[in-house]
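Copied over from Swiss-Prot:
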type	residues	note
DOMAIN	4-189	domain 'Flavodoxin-like'
BINDING	10-15, 78-80, 113-118, HIS133	FMN binding site
BINDING	TYR12	NAD(+) binding site
BINDING	TRP98	substrate binding site
Amino acid sequence: MSKVLVLYYSMYGHVETLAQAVAEGARGAGSEVVIKRVPETMPEDVARQAGAKLDQEAPVASLEELADYDAILFGTPTRFGNMAGQMRNFLDQTGSLWFNGQLIGKVGSVFTSTGTGGGNETTITSFWHTLAHHGMVIVGLSYAAPELADLSVVKGGSPYGAGTIAGGDGSRQPNEQELALARYQGRHVAEIAQRLHG
């Protein structure tokens, strides 16, 4: 049985919702799944004033534990076509894991949320640079997910990874097609991790 970590940052809860769907998909493939988040770097009063969702159930991950998993699915909001600063800050502290090759051969995948749909693909592909430097096996979503080709509804996601479009004011929540893509990505990554790591 493979061990899968779903590691995310979510300011308003959209990525948190996707993370839960990703985890559900990975569990459906028979993997042991843990959901964790990266630390918030914004002062609490500033986050509160911005309307951030501060009551997220997932515990905060430690850097060292990343090496304990066969696959890691990373979730982040899009910030100007890049990952959120909180995720970047966390990953910038993984130098010792890189130096010791502790993530080499582990499966890595990314899902995202964006306000208006802009930057989701560049967020994922720029995230892949970090995964490649760690020697991770990068896995996208693929067009095998039938919801990806469904043009009857507005949705986030691409062959690079699942996603949601939150709307400019953040009021739009992930729809069923977006959650289905997230579940598919979790299952897909877990199945590949099982093939690679037993």
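Cβ coordinates come from backbone N, Cα and C, glycine included.
Overlay of Swiss-Prot feature records on the structure.
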residue: SER10; record: FMN binding site; contacts (Cβ under 8 Å, 6+ apart): GLU16, THR17, ALA19, ARG37, LYS53, GLN56, GLY75, PRO77, SER113
residue: TYR12; record: FMN binding site; contacts (Cβ under 8 Å, 6+ apart): GLY51, ALA52, LYS53, PRO77, ALA166, GLY170
residue: HIS14; record: FMN binding site; contacts (Cβ under 8 Å, 6+ apart): PRO77, SER113, THR164, ALA166, GLY170, GLN173, PRO174
residue: THR78; record: FMN binding site; contacts (Cβ under 8 Å, 6+ apart): ALA84, THR112, SER113, THR114, GLY115, GLY118, GLY119, ASN120, THR123
residue: PHE80; record: FMN binding site; contacts (Cβ under 8 Å, 6+ apart): GLY119
residue: TRP98; record: substrate binding site; contacts (Cβ under 8 Å, 6+ apart): HIS133, HIS134
residue: THR116; record: FMN binding site; contacts (Cβ under 8 Å, 6+ apart): ILE165, GLY167, GLY168
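Fewest Cβ neighbours within 10 Å among the binding-site residues THR114, GLY118: that distinction goes to GLY118. A strand conformation is recorded for THR114 (FMN binding site) in the three-state DSSP classification.
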